[in-house]
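Q: Submitted below is the structure of interest, expressed as structure tokens.
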Ligand SMILES: NC(=O)C1=CN([C@@H]2O[C@H](COP(=O)(O)OP(=O)(O)OC[C@H]3O[C@@H](n4cnc5c(N)ncnc54)[C@H](OP(=O)(O)O)[C@@H]3O)[C@@H](O)[C@H]2O)C=CC1
Ligand SMILES: O=C(CO)COP(=O)(O)O
């Protein structure tokens, strides 16, 4: 049994802390909000996991030093756009050499960096890994069967983290294709917004299937440009997470798209990482001359620069081509 420290007191940080607890570790969690930390220690997270009571045992605190002291595995579960600042604050307390597992899904908006690139700059003394795959925090917190990928460049590190974090209900597969796992997790959020918007705008299930399938082609093109392995993107953190989050309003990204498509007020909604990732993903595709019209249209819709009707018109009137081009 060793100590696992989790950064982030939201739904995913809490669910992963519970998994680590159930895997037999001592678990500390850092949350910036004192009331949240107190509630998590007592067995609840009323803001982010309402209606889910869980076992006590997580030691949650607002003190980074306390949470991180002596930890052998670090899980970073704050939103992607907050990762750099949280790691910079945590930096003096990060136990040197302890693997840092990145659990957020996104691309840094200001720099276009994958989160492993952010971690390399903000936490250079910690070997970095990525955990991603189809896994709703509510399902994981309830102990329902779930499978994810854990990726690290070093095979032994990925396998060791998978062994340390797996439980009978949380099955971690290991891989060395960290970039592929990161790209899959980040871009599926953009496509989940697009899928939700398709349904919200009343365009139908056929349009939804076409959009997700052709969006997946774009995801794989972008992945290939980053050096991701095709089989990774066909796995849990690509296809698997698309299947989950492009099909149900349980996904916050899909629900965001649904509200967008219905013309509802979008203020005050839960976190939808694809909103921040859409614009930067579209910019990366453009800079690398990668054909990604669905991601580009999603970025423009999310940014208020295109209506859904205009996007449909633009996507459907593109020149005909072979499906595999
Ligand atoms: N929820 C899920 O099912 C899954 C989520 N993920 C990924 O996990 C990541 C985190 O999402 P999730 O936990 O769901 O989000 P939530 O909205 O549930 O929680 C976000 C947490 O991050 C904290 N936070 C936000 N900004 C900052 C900041 N600048 N500094 C410190 N803490 C901050 C919030 O604190 P406060 O309350 O004080 O604002 C809150 O505790 C995302 O990238 C998401 O894609 C991955 C798989 C599943
Ligand atoms: O990434 C997730 C499940 O794998 C969670 O999706 P949402 O952030 O869209 O809720």
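Note that Cβ sites are derived from N, Cα and C of the backbone, with glycine treated the same way.
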Q: TrEMBL records 252, 253 as substrate-binding residues. Which of 72, 105, 113 is assigned to the same site?
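A: Checking 72, 105, 113 against TrEMBL: the substrate site match is 105.
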Q: Check TrEMBL: it lists 11, 12, 32, 48, 105, 252, 271, 273 as binding NADPH. Then name which of 137, 141, 309 it lists for that same site.
A: 137
Q: In Å, how large is the greatest distance between any two Cα atoms among 11, 12, 32, 48, 105, 137, 252, 271, 273, the listed binders of NADPH?
A: 22
Q: Have a look around residue 137 (NAD(+) binding site) and count the other CB atoms within 10 A of its CB, chains all included.
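A: That number is 20.
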Q: Binding-site residues 137, 241, 253: which have a Cα within 10 Å of residue 188 (active site, proton acceptor)?
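A: Cα within 10 Å of residue 188 (active site, proton acceptor): 241, 253.
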Q: Per residue, counting other C-beta atoms within 10 angstroms of the C-beta, which of the binding-site residues 241, 273 reaches the highest number?
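A: Answer returned by the neighbour count: 241.
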